[in-house]
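S.K.: What TrEMBL shows for this protein is this:
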- 30-51: transmembrane segment (TRANSMEM)
- 63-81: transmembrane segment (TRANSMEM)
- 93-116: transmembrane segment (TRANSMEM)
- 128-150: transmembrane segment (TRANSMEM)
- 162-183: transmembrane segment (TRANSMEM)
- 203-223: transmembrane segment (TRANSMEM)
C-alpha cells in the first residue's frame with residue numbers, strides 16, 4: 001500500500017522543479033532577454049529600411065514581418081530551457097513552440113475582441129497580425145518550456161506564482177505585454193484623430209513597452225533571488 005501523502009508529493013515536485021530551474025544563471029537570463037530584444041529591434045529596422053513599411057502606415061505588413069522574425073528567435077531561445085530535458089528533445093520543444101503560435105494567437109485575438117477590438121473584414125487582418133506578435137510575447141515561451149503541462153500553465157498565468165528563474169522569464173514579460181496592450185488601448189476612443197490611434201497601432205506600442213519593462217523586471221527578480229540564495233548559502 002502506498003501511504004505517501006499527496007501534499008508531500010506536490011511539495012517534492014515543486015522542489016524538484018525549483019532545483020532544476022535555479023541551475024539557470026542570471027547571466028543566461030540576461031543574454032536570452034537581450035537576444036529577444038535585439039530580434040525585436042532588428043525586425044522593425046528591417047521593416048523600415050529594407051521593406052519600407054512602418055507600423056503606422058502599414059500595420060498589417062509590419063506586424064507580420066516582425067512576427068516572422070521574432071517568433072522563431074523566441075522559440076529557439078526558450079526551447080533551451082524546456083522543463084523535461086530528460087524526456088523531451090530540443091526539437092520537440094521547438095515543435096511545441098510552433099504549436100503555441102496559433103493557439104496563442106487565437107486566445108489573444110478572442111481576448112482583444114472581447115475587450116472591444118473592432119470586428120470586420122478590414123480589422124480581421126489587423127487583429128490576426130497583432131495576435132501573432134502577442135503570441136510570441138505570451139504563449140510561445142510557455143509552450144516551448146512547459147509543453148502541455150496544465151499545472152505549470154495554470155500556476156504561471158492564472159495564479160502568477162513563479163518558482164524559478166525560467167518562470168520569471170516567462171511570467172513577468174507576458175503579463176507586462178498584456179497590461180501594456182491594455183493601457184495602450186486607452187487613446188483609441190479619444191477624438192484626437194491621430195493615425196497612431198487606430199487599431200492595433202497604439203495597442204502594439206503599449207504591448208511592446210510592457211513586454212520590455214516586464215523583461216527588465218524579470219531580470220531584476222532573478223538577480224535578487226540569486227543574491228538571496230548566495231547570502232543564504234554563505
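Glycine residues also receive a Cβ, built from the backbone N, Cα and C atoms like all the rest.
Caution: TrEMBL annotation is automatic and unverified by curators.
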S.K.: Hey, which of 30-51, 128-150, 162-183, 203-223 has the most Cβ-Cβ pairs under 8 Å against the transmembrane segment (63-81)?
M.R.: 128-150
S.K.: Could you name the stretch, out of 30-51, 128-150, 203-223, with the greatest number of CB pairs under 8 A to the transmembrane segment (162-183)?
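M.R.: Result: 203-223.
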